[in-house]
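K.L.:
Features from Swiss-Prot:
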TRANSMEM  28-48  transmembrane segment
TRANSMEM  50-70  transmembrane segment
TRANSMEM  194-214  transmembrane segment
TRANSMEM  220-240  transmembrane segment
Amino acid sequence: MIVRPQQHWLRRIFVWHGSVLSKISSRLLLNFLFSIAVIFMLPWYTHLGIKFTLAPFSILGVAIAIFLGFRNNAGYARYVEARKLWGQLMIASRSLLREVKTTLPDSASVREFARLQIAFAHCLRMTLRKQPQVEVLAHYLKTEDLQRVLASNSPANRILLIMGEWLAVQRRNGQLSDILFISLNDRLNDISAVLAGCERIAYTPIPFAYTLILHRTVYLFCIMLPFALVVDLHYMTPFISVLISYTFISLDCLAEELEDPFGTENNDLPLDAICNAIEIDLLQMNDEAEIPAKVLPDRHYQLT
């Protein structure tokens, strides 16, 4: 996620970091060079009686813009839902530890439970990003729990099971009444719902055929556009073609980023920062001495 301070409108025009321009610049350069080639080809295909007009490109451009808008809205809806789910995880984690800490007198046992919660957040983050988990989870889980988690097809769900087992032990030991156990178990169910929601987004992409047809149409439009522009614009064709192509290609590229909000690209969710905030909150609630530093944006204003 790009987290920038408010900028002057003129300065924002020239922003590079965080823009999709860095990803599509090579494609725009090819469009520029192809437009120059079309200028030299103009006498040849005019001599053959081939004539392109702007009318069909105007109609096609409007249609592409509408469908790009639909796709971007679908991608942004996934992004917003993903952010809401991680917000719910933060709320449920704080509430669960608060209820446990104010109920159970054993601080060492509560500390173990807090570390399970932190491990769950990091495990979910790394699962969604397909990152290795052993080194990070080893800081929070006991050896036997770590082995159980790593052996599972759903590590985050296994941690939830361990948390449920921990609550069951407290209930059997008489530390929790039936009513409190049900209340705390409901919190675990809330966290489980977050896990299922994130998995739904991560493993259900926007239909490939829809993405493919829009992607093809955008690039065919950008390839054919110089032939229609060159008749009237001549040597200005490369500049206008690149400007129009930038609009369509950048929207197509942005939609690809928003489709998977859990990645590490510029416009994805800052899961590292969210997990860091959860960890800091839970450790401070448990009066821990060692608190990690807050994750801040880098020099390019990117928060991962």
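The backbone N, Cα and C atoms fix where each Cβ goes, and this holds for glycine too.
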K.L.:
If you count Cβ pairs under 8 Å, which stretch among 28-48, 50-70, 220-240 touches the transmembrane segment (194-214) the most?
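P.N.:
Maximum Cβ contact count belongs to 50-70.
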K.L.:
Using a Cβ-Cβ cut-off of under 8 Å, list the residues of the same chain that are 6+ residues beyond the ends of the transmembrane segment (50-70) and lie near it.
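P.N.:
Tertiary neighbours of the transmembrane segment (50-70) are 214, 217-218, 221, 224-225, 227-229, 231-232, 244, 248, 251-252, 255.
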K.L.:
State the residues, same chain only, that lie 6 or more residues beyond the ends of the transmembrane segment (220-240) and have a CB under 8 A from a CB inside it; answer 'none' if no residue qualifies.
P.N.:
31-32, 34-36, 38-39, 42, 45, 51-54, 56-57, 60-61, 64, 248-249
